Amino acid sequence: MSSKYPRSVRCCLPLCALTLEAALILLFYFFTHYDASLEDQKGLVASYQVGQDLTVMAAIGFGFLTSSFRRHSWSSVAFNLFMLALGVQWAILLDGFLSQFPPGKVVITLFSIRLATMSALSVLISAGAVLGYVNLVQLVVMVLVEVTALGTMRMVISNIFNTDYHMNMTHFYVFAAYFGVTVAWCLPKPLPDIKEDKDQIATIPSLSAMLGTLFLWMFWPSFNSALLRSPIERKNAVFNTYYALAVSVVTAISVSSLAHPQGKINMTYMHNAVLAGGVAVGTSCHLITSPWLAMVLGLVAGLISIGGAKCLPGCCNRVLGIHDSSVMHYNFSLLGLLGEITYIVLMVLHTVGAGNGMVGFQVLVSTGELSLALAIAVTSGLLTGLLLNLKIWKAPHAAKYFDDQVFWKFPHLAVGF
């Protein structure tokens, strides 16, 4: 039996991270340059504000959203920032290399930084399913593989189906969620007694997680509209996301109270359920021209999120062998699928309304894009899970899952650290 004492990454982490950072610096030196075009000041400020909103979502929103565990709050916040910083650098280079043929110098613009931040956000969503199981060295591997897989998926879908930037990211939620769940399925499962002790929600960390939720709630409209070019589509995306988020908040709080025998509200459900409308409407937010449809989507999404939080964890743990600590499956993958179905229905209605007889073709194309995204997510997730199980990464023992003391310096350490 392997030792339960934590495995030190003192040599492995600095060597891996700093070598990778040096390689990225060299790549930026030889293959990138800034955009030399003269943008108008108003457009530059507006573009920067959207990028700033995305960064706040990633660093504060997702960072604190996963910090509710009693003994794993420090790692959740800091590891998310580490993955964001690394993921943005790699995504800028990768997107630049994949978007031009033959390859040449990568032109860095505010839009490319925005796109790279969204790619890094995919990693933060996926990491919610594995935080507590892995160390920083393993997360470095996960960042590199997932950003590469997402960039490849976008390039393949763009070349096959001739879609724009926004449509390339419509499968973002489904890809990130199923990638993360697949990786979690490959990792060793936590010991039952350790899980009961450490995988618990504490009051103060839970309040911090709610703070992350509030930041995400405020900036989600910017996220859904970040890659849209048309002013009308951007306006629709912002309005519809706000309506869907508002309804999902009311639904989440009401149904959470209904689901409890004494009518009490579960704060754990609130962390994700109040965001359900933003996830569900993300794929089709630019197509919806009336607020009532966005509100219906927010209502359905809130019901799915609360219902999933109450009923699905046992099924995932027992049947699928997935310990989904951050409720990734029913808060992103199921709601992402709801958004995909809504998009297909809206596209069919638009095609019929325009008198176009290509309804079957449109359904086939949309279904093909979704199937391809799922296939790449699961395949790359399996590859990542197998890589993370290699002993060279010095993964934490199952007895040390969900424990900040494995990674952080504390004034008074417990015995065994």
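Glycine too: its Cβ is placed from the backbone N, Cα and C atoms.
Per Swiss-Prot, these features apply:
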TRANSMEM  12-32  transmembrane segment
TRANSMEM  44-64  transmembrane segment
TRANSMEM  77-97  transmembrane segment
TRANSMEM  125-145  transmembrane segment
TRANSMEM  172-192  transmembrane segment
TRANSMEM  203-223  transmembrane segment
TRANSMEM  238-258  transmembrane segment
TRANSMEM  265-285  transmembrane segment
TRANSMEM  287-307  transmembrane segment
TRANSMEM  331-351  transmembrane segment
TRANSMEM  358-378  transmembrane segment
Honestly, do the transmembrane segment (331-351) and the transmembrane segment (265-285) touch, with at least three Cβ pairs under 8 Å and pairs 6 or more apart in sequence?
yes
For the transmembrane segment (358-378) and the transmembrane segment (172-192), does the number of C-beta pairs under 8 Å, pairs 6 or more apart in sequence, reach 3 or more?
yes
Using a Cβ cut-off of under 8 Å, list the residues of the same chain at least 6 residues beyond the transmembrane segment (172-192) that approach it.
118, 121-123, 125-130, 133-134, 142, 146, 149-150, 153, 199, 279, 282-283, 320-324, 328-329, 331-333, 335-337, 339-340, 370, 373-374, 376-378, 380-382, 384-386, 388-389, 395, 398-399, 401-402
Compare 12-32, 44-64, 203-223 by their Cβ pairs under 8 Å to the transmembrane segment (265-285) and return the stretch that comes out on top.
203-223
For the transmembrane segment (77-97), could you work out the same-chain residues 6 or more beyond its ends whose Cβ comes under 8 Å from its Cβ atoms?
17, 20, 24, 27-28, 31-32, 58-59, 62-64, 66-67, 103, 106-108, 112-113, 115-117, 119-121, 123-124, 127, 131, 136, 139-140, 142-144, 147-148, 151
Maximum Cβ pairs under 8 Å to the transmembrane segment (12-32) - stretch from the list 44-64, 125-145, 203-223, 238-258
125-145
